[in-house]
Amino acid sequence: MKKINNNKIFVLFLTILLYLLNITTAQKPVSINIKIFDQLPLYNDNFGSQSRAATIKSMVATSLNTTFKTPSLGSATSSLPSPQLFQYWFQSNFANETKNSGLNAPLTRTITLNYDSDSGNYIFNNPNFFLIDTDGFDKTASNRIYKDSTGTYHNYHYCVAFNYVFKPDGQGKEMFKFTGNDDVWVFVNNKLLLDGGGVRSPEATTVDFTKAGLVKSQETPLDFFYCERSTNSPPSFKIETNLGGLYCKAYDYCGVCNGDGGTCCNPQTDCLTQLENGTLINDKCTIPICPPLDTQIDKNLGIGFFCQHSQIPDPYAGSLCEKGECDSLTGIWTRNTSICPTDKDLAPQCRKQATCDPKLGCQSTYLCNNVCDIGTCNNGTCTQKTSNDCVQELDRGVEDKCFTYKCVPNVGCSKTPICPRGTDPCKNYTCSGGICGTVDIPQSECSCPCPGLNKCNTRICNPDNTCTLFNLTEINDGNPCTDDLCDPVTGDITHVMTTRCSGCNTCDVKTGKCVAQDSHCDDGNPCTDNACVASANSTANSQVGQCTQTPTAKCDLGDKCMVYSCTLEGGCNATQRVCPNSGACKIGYCEPGFGCKLKDRVCSSDWYCIEAQCDAKYGCIQFDRRCAPDNSKCQEGVCVNNTAIGKNDGKCISEDYDPKPFVCQKAALVSTAVIASVVVVGAVVLGAAIFAGKKGYDAWKTSQGNVMAASQANPLYTQSSNGGENPLYNSPT
């Protein structure tokens, strides 16, 4: 067996002593899941080989966007080549691969903050914070163009964010310090408390928690944002904090804390197919969308199965006279103006196409508005007025047997005597009950000279042998809406519809007055209200009617919780109003008589130690209740469910760390007894190590049971992580 060097024995003893002391003070490390957004200067020229300068304040707004948990751009933007692209520093953007499109590559990593017993803080320190070399955009070898001073390639351009929460212990000693180069912002309670924007050299900055408005045991968000934008020096990244109780409340389906799904779902590549009737198809007329963040993804089906697809907006929308049609295979839109039915389509309805109004839609002309039409259509044929209709119209339904009734096209109903008038001026031609007759007129009454006598009138001789002329009674057809005419040479009688009423006005055969006929304005569109109104061209002797069409109001029945609509094909429709939500935590509902309102989304948990909240991004979430201890250095908060009383009953308690951390023990207890016991144990271990080597140490450790449960490895036989020499790494022989 080799001789043991005294120096090595001393180092061994010291190592054991320090290690055992560390056992009593060790705390669990804090793991933080970070979001990384790889940036390429081609797509976002705010990143590149920029010169370092002083810290820039007010690059971001002082309040955090509480829905997306991202900072908003502030007032100091002059140093940014493209301020509009700031929105893509900390959220996924799957844009086109074009200059300054804002395209980024979302990634995720986990960093571990180890407990430092000297300071009582948790620390992560990496002076060469190159976490995503050959990842993100740099998976493509041609993008690996940035190198450090030694010529070694690195991925320099990226942003980091994490959104965690903690519960203050009420001691007022919270601390969070960051040391690094380029941009860093930290928000506490959604307030900007660390403002370090700009491409700059590494410097230490500390959060001022006195401005955070902390309340003991109250859930408090801490949101961290960092960017490495230059290649002038390696990215330095160090976090030091005493917030050992940092935790994440919600993870997306990619497993990222407060993620947006971007690390495992790119809609341009993962959502190209959709489910239709049980078959996955690729429809280029839809916009692929990654699943909602609260979706439970079945890994056997793949994320694409849960993607959503919304229709690409019709580029020709806005006019009721045209629409776009999209080819699902090519995604190419074509314009279709064949919206309205053709004359052939309308013929069975006795209509013909008139025009199309972009706001009102298709309009047609009704062909059964002639004066001899009764206004109904029978399979494409207008129903004509019969003689009975004319009796009703002219004589209120009482037929005069001495006349024939008929409707003359473009003239209307008229009646003519059934008994013809003869040429003998000394006979009076009569009709009674439909029977024609004559009555002789004395010569003295019919043979007098009568200048102006023609075939359209008759005469009566006066005692002084003069005559009086009268128009033939049959000239008047009894219709006040016709102009009655008689040819004085031939005696032919004609009746012409009056021109006093025109347009959509018609003449009332009972009164002779012009009446507006709204039915004559029917455009065949159930979604318009049609009216006949007086035209500006009307005069006292000529009443001109003009048709107007307006969007119909007859569909709206006044119920504020119904949505009324109208279609050319179906007319009026009514559907239940769906009130939109406002974000993930405000639920829309409809209150009768009022309309849409919002109410808080209610999230519940059956157990006290499982908290339920509504998150503005995820909706209802559940997570373990974290309890703030009375003294975070010496105690941990523990949640206890009281199942004996009920599921929702429980409490938070503070329990001392066991074993109690060295700094928390009373001086009197820590002095001689503790040190002595440590020395004794150390001596035992030292002896085991010297005389039995590694196996002796391991056997001793096993015999101690739970006493050494906190030990993670044998410190004597673990190679130093920093390259230094472990004096007893090799077993003595």
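Placed from the backbone N, Cα and C atoms, the Cβ positions cover glycine too.
Lifted from Swiss-Prot, the feature list:
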- 114-260: domain 'PA14' (DOMAIN)
- Asn22: N-linked glycosylation site (CARBOHYD)
- Asn65: N-linked glycosylation site (CARBOHYD)
- Asn96: N-linked glycosylation site (CARBOHYD)
- Asn277: N-linked glycosylation site (CARBOHYD)
- Asn336: N-linked glycosylation site (CARBOHYD)
- Asn379: N-linked glycosylation site (CARBOHYD)
- Asn428: N-linked glycosylation site (CARBOHYD)
- Asn471: N-linked glycosylation site (CARBOHYD)
- Asn537: N-linked glycosylation site (CARBOHYD)
- Asn573: N-linked glycosylation site (CARBOHYD)
- Asn641: N-linked glycosylation site (CARBOHYD)
- 1-26: signal peptide (SIGNAL)
- 27-672: topological domain 'Extracellular' (TOPO_DOM)
- 694-733: topological domain 'Cytoplasmic' (TOPO_DOM)
- 673-693: transmembrane segment (TRANSMEM)
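Looking only at Cα atoms, Asn641 (N-linked glycosylation site) sits nearest to Asn379 among the glycosylation sites Asn379, Asn428, Asn537.
Here the candidates are the glycosylation sites Asn96, Asn336, Asn471, Asn537, and by Cα distance the one nearest Asn428 (N-linked glycosylation site) turns out to be Asn471. For the glycosylation sites given as Asn96, Asn641, the lowest number of other CB atoms within 10 Å of the residue's CB is seen at Asn96. DSSP assigns Asn379 (N-linked glycosylation site) to coil in the three-state reduction, outside any helix or strand. Each residue contributes its Cα atom, and for Asn537 (N-linked glycosylation site) and Asn573 (N-linked glycosylation site) these two points are 38 Å apart. When pLDDT is averaged over the topological domain 'Cytoplasmic' (694-733), the result is 38. Counting only the Cα atoms, the space from Asn336 (N-linked glycosylation site) to Asn573 (N-linked glycosylation site) is about 25 angstrom. Within 10 Å of the C-beta atom of Asn471 (N-linked glycosylation site) sit 12 other C-beta atoms, taking all shown protein chains into account.
A gap of 57 Å separates the Cα atoms of Asn379 (N-linked glycosylation site) and Asn96 (N-linked glycosylation site).
Cα distances from Asn471 (N-linked glycosylation site) to the glycosylation sites Asn65, Asn96, Asn573 are smallest for Asn573. Asn96 (N-linked glycosylation site) is 26 Å away from Asn65 (N-linked glycosylation site) when you measure Cα to Cα. Asn537 (N-linked glycosylation site) carries neither a helix nor a strand DSSP state and counts as coil.
Look at Asn96 (N-linked glycosylation site): DSSP puts it in coil.
When the glycosylation sites Asn65, Asn336, Asn379, Asn428, Asn537 are compared by the number of other CB atoms within 10 angstroms of each CB, Asn379 has the fewest.
With respect to their backbone Cα atoms, Asn573 (N-linked glycosylation site) and Asn96 (N-linked glycosylation site) stand 41 Å from each other.
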